[in-house]
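Here is the structure we will look at, set down as structure tokens.
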Amino acid sequence: MDHLPIFCQLRDRDCLIVGGGDVAERKARLLLDAGARLTVNALAFIPQFTAWADAGMLTLVEGPFDESLLDTCWLAIAATDDDTLNQRVSEAAEARRIFCNVVDAPKAASFIMPSIIDRSPLMVAVSSGGTSPVLARLLREKLESLLPLHLGQVAKYAGQLRGRVKQQFTTMSERRRFWEKLFVNDRLAQSLANNDQKAITETTEQLINEPLDHRGEVVLVGAGPGDAGLLTLKGLQQIQQADVVVYDRLVSDDIMNLVRRDADRVFVGKRAGYHCVPQEEINQILLREAQKGKRVVRLKGGDPFIFGRGGEELETLCNAGIPFSVVPGITAASGCSAYSGIPLTHRDYAQSVRLITGHLKTGGELDWENLAAEKQTLVFYMGLNQAATIQQKLIEHGMPGEMPVAIVENGTAVTQRVIDGTLTQLGELAQQMNSPSLIIIGRVVGLRDKLNWFSNH
């Protein structure tokens, strides 16, 4: 180990930065965030330093470097574009046994600055020892996505509860189980972020007073339209905290590879006209797993509240008193249109968007007259088998036969396929495509030739 990772208490302690440019400014922000009493020495300063000095946040010393500036310092940073000056600052600091960082010269420095993930009071520092800063930055970005944004507030609140938890739970095992339950409670984290004192108190009392082997909870998570990169950060955090993941066929393998390795996986794949697992049985699976005290994630393609039957599943949980929450996802209409170069709205062509299911309940009928109107975009989910009927009904109700249409298969995935034409060809085009597919109808489809970007990569 070439470097010992430590966390320094710099609040109200003298620190020095030599340099007045952009690099020095980035270092100054970190020291100011840490509460340091900061002096900055340079021949000239960018405007941000002047603004900080005017606000009383730091002291500026304009002129050549003077070693006496180090006499009261705990820590120094050399951040100029003059290697000779940086070396001089480093040697002067070392002579006084003061740790000194030299920007972009780790061998000349007595300490290095890591990449930082700040969830105060929780702090994570990542370093490659100066050998590969880009790698350290990429790793930091990965870790950023895994740590909920409000985790620091939860950690701070947990510190306030330590005494009460120690009284409430007599064994270390009970306390550990309680803390695990608290740190994954999304409702508490959100309440703390919103400073909702009533919700904070209610959630805390519920967590403390309910049995540790309580009935669990269900989180409904939208996986997005296919590309794993479109999964939200909150969705990623939820699937990596799950005990059980219940998923359907629209969830890609790339997304399932992000699920916690030791989580149970329950496949309930569905498609229009054929259900591997009946919807009622899916509802009961969620209920049974939650009643075992497990943290269940119901992972659904797209957005769970847009033709995903998420509302029906949550009604079952609500009726049984099972706690639940929802993480929205990018719906197929948004993802498929963007990856096909088709804007859903455009000032010249469409002032509204209709999201329509092509898989109606028996006896259901759409308002075809309104759907046939101009200046709008129609997006049909699960409409492949009904394409000929959609074509017929829209033309019967006045939509021009030359209206542009597109069908997007496996939208946003590397296997995405798009075919376009006119409304009079819709039924024929649908026969060339496979499920899952999305039908887009409207003048905006005509922009595809100009705006298509994904198929060119």
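Quick reminder: no glycine exception, Cβ is built from N, Cα and C everywhere.
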Listed in Swiss-Prot for the S-adenosyl-L-methionine site shared with G301, G302, D303, I306, T331, A332, M382, G411, one of P225, P278, P436: P225
Other residues, Cβ within 8 Å of D22, V23, L43, A44 Cβ centroid (NAD(+) site): G19, G20, G21, A24, A42, F45, I46, A79, T80, D81
Distance [Cα-Cα, Å, rounded] between A44 (NAD(+) binding site) and G411 (S-adenosyl-L-methionine binding site): 54
Output field, S-adenosyl-L-methionine shell: CB within 8 Å of site CB centroid, site P225, G301, G302, D303, I306, T331, A332, M382, G411 dropped: G224, L250, F307, G308, G329, I330, A333, G335, C336, Y381, L438
Segment-level pLDDT (mean, integer) for the region 'Uroporphyrinogen-III C-methyltransferase' (216-457): 92
DSSP-derived structure type at G302 (S-adenosyl-L-methionine binding site), helix or strand or else coil: strand
List of residues, in chain order, with Cβ under 8 A from that of P225 (S-adenosyl-L-methionine binding site) and at least 6 apart: G301, G302, I330, T331, A332, S334, G335, C336, G411, T412
Site extent for NAD(+) (largest Cα pair distance over D22, V23, L43, A44, Å): 15
